[in-house]
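Here the structure is laid out as structure tokens; the discussion comes afterwards.
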Amino acid sequence: MADFYQILGVSRDADANTLKSAYRKLARQYHPDVNKDPGAEDKFKEIGKAYEALADPETRARYDQFGEAGIGGAAGMPDMGDMGGFGDLFETFFNGFGGQSSQGGRSQRRGPQQGDDLRYDLNIDFKDAIFGQQREINIPHLETCEVCRGTGAKKGTGPTTCTTCGGSGQVRRATRTPFGNFTQVAECPTCNGVGQIISDPCTSCGGNGVKQVRKKLRINIPAGVDSGTKLRVSGEGNVGLKGGPPGDLYVFIKVKNDSNLKREGINIYSEISVSYLQAILGDTVDIITVDGKVNLKIPSGTQPNSTLSLENKGVPRLGNPVARGNHQVLVKVKLPTRITEDERNLLEDLASKYTEQNSSSNSGLFSRLFGKDS
């Protein structure tokens, strides 16, 4: 791999002026319009790549430390903004005097162009995200002007050929440089590269050929979507130009929170409080789920902060609604702050019997249940 300093013929401590002087000298020597040798164009590109890497202080520092790998192979032709407009001139040479840019060519601007994609943010309820729904939305987008049918010209008229460029969309001018006289190709300033001008614009769209209108769409929200889910509605973006295809509409989902339920992925979480008697003896309680109220069995001896699961009561998996997650219920046990005399007598009697049956244990009934010694 060639060293950039060697390519330019300078030392590694060369300053910016030395680099520029060396580059100009070599660029003139190897420019393919001046030097007809078979390898001149490749050499000219190599010189440009080396100068671009070393002309920028940050890029040069990375190159000095890591070599060409440190600049990611991103070096190409240098920014010629401070060299009297040579950049546009060299761009013309490398594209065969066709007036095409490195982004694909001005000729493409005159052909069909795809319309822009659009974004629409949609807030939906918690349950609607679980089970899906159809929603009607109203979006603003660009459509072809019905009056001029997209021409931009007043009805009964049409675009005319640009007299400045003769319909080519490009203008040429002679430029004197240290390399000699060259012809520079640029976008026509009169028609902006289109090749046609509209003398009598359409009053409905102002000569643009498109108008912003609001359109009602009915979209299908699949079961299992979540905040951040992006839905693509094909062909509902802005209209394309000159017969190009329309863009797409992207609907970004934002799911509202629920006061009782929380969601993590395909599972749903909630809490329930039961009395200490329900925890000890067991019970059946009603639980609010996305499917409505369902019965949840509290097994006898349920410990505080344990989790019980309702299978297949969670969120359908996006793209496979038959497969659902679970609803996880965190059980909180409520301890009474006050008890009646009768309740105390019953509990003490129970504690006494429990202690007799478990005399070898160092802890009593209340210790096991509530963390207190009996």
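All residue numbers here begin at 1 and follow the chain in the order shown.
Glycine residues also receive a Cβ, built from the backbone N, Cα and C atoms like all the rest.
Quick look at what Swiss-Prot annotates:
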- Cys145, Cys148, Cys202, Cys205: Zn(2+) 1 binding site (BINDING)
- Cys162, Cys165, Cys188, Cys191: Zn(2+) 2 binding site (BINDING)
- 103-115: compositional bias 'Low complexity' (COMPBIAS)
- 3-67: domain 'J' (DOMAIN)
- 99-118: region 'Disordered' (REGION)
- 145-152: repeat 'CXXCXGXG motif' (REPEAT)
- 162-169: repeat 'CXXCXGXG motif' (REPEAT)
- 188-195: repeat 'CXXCXGXG motif' (REPEAT)
- 202-209: repeat 'CXXCXGXG motif' (REPEAT)
- 132-214: zinc finger (ZN_FING)
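Taking Cys162, Cys165, Cys188, Cys191 as the binding-site residues under consideration, the smallest Cα distance to Cys145 (Zn(2+) 1 binding site) is found for Cys191.
Cβ neighbours of Cys191 (Zn(2+) 2 binding site) (same chain, under 8 Å, six or more residues apart in sequence): Cys162, Thr164, Cys165, Gly169, Ile197. The stretch in closest packing with the repeat 'CXXCXGXG motif' (202-209), judged by the count of Cβ pairs under 8 Å and taken from 145-152, 162-169, 188-195, is 145-152.
Mean pLDDT, taken over the domain 'J' (3-67), works out to 86 on the 0 to 100 scale.
Of all Cβ atoms in the protein chains displayed, 22 besides its own lie within 10 Å of the Cβ of Cys165 (Zn(2+) 2 binding site). Counting in whole angstrom, Cys202 (Zn(2+) 1 binding site) lies 23 from Cys188 (Zn(2+) 2 binding site) by their C-alpha atoms. Taking each Cβ in turn and tallying the other Cβ atoms within 10 Å, the top scorer among the binding-site residues Cys145, Cys148, Cys162, Cys188, Cys205 is Cys148. Close to the recorded Zn(2+) 1 site, the chain also has Glu146, Val147, Arg149, Gly150, Thr151, Gly152, Ala153, Pro201, Thr203, Ser204, Gly206, Gly207, Asn208, Gly209, Val210, Lys211: residues not among Cys145, Cys148, Cys202, Cys205 whose Cβ is within 8 Å of the site's Cβ mean position. Looking at Cys205 (Zn(2+) 1 binding site) and Cys188 (Zn(2+) 2 binding site), their Cα atoms lie 24 Å from each other.
Counting residues of the repeat 'CXXCXGXG motif' (188-195) by DSSP class, helix then strand then coil, yields 0 helix, 0 strand, 8 coil. If you take the Cα of Cys148 (Zn(2+) 1 binding site) and the Cα of Cys188 (Zn(2+) 2 binding site), they are about 25 angstrom apart, rounded to a whole number.
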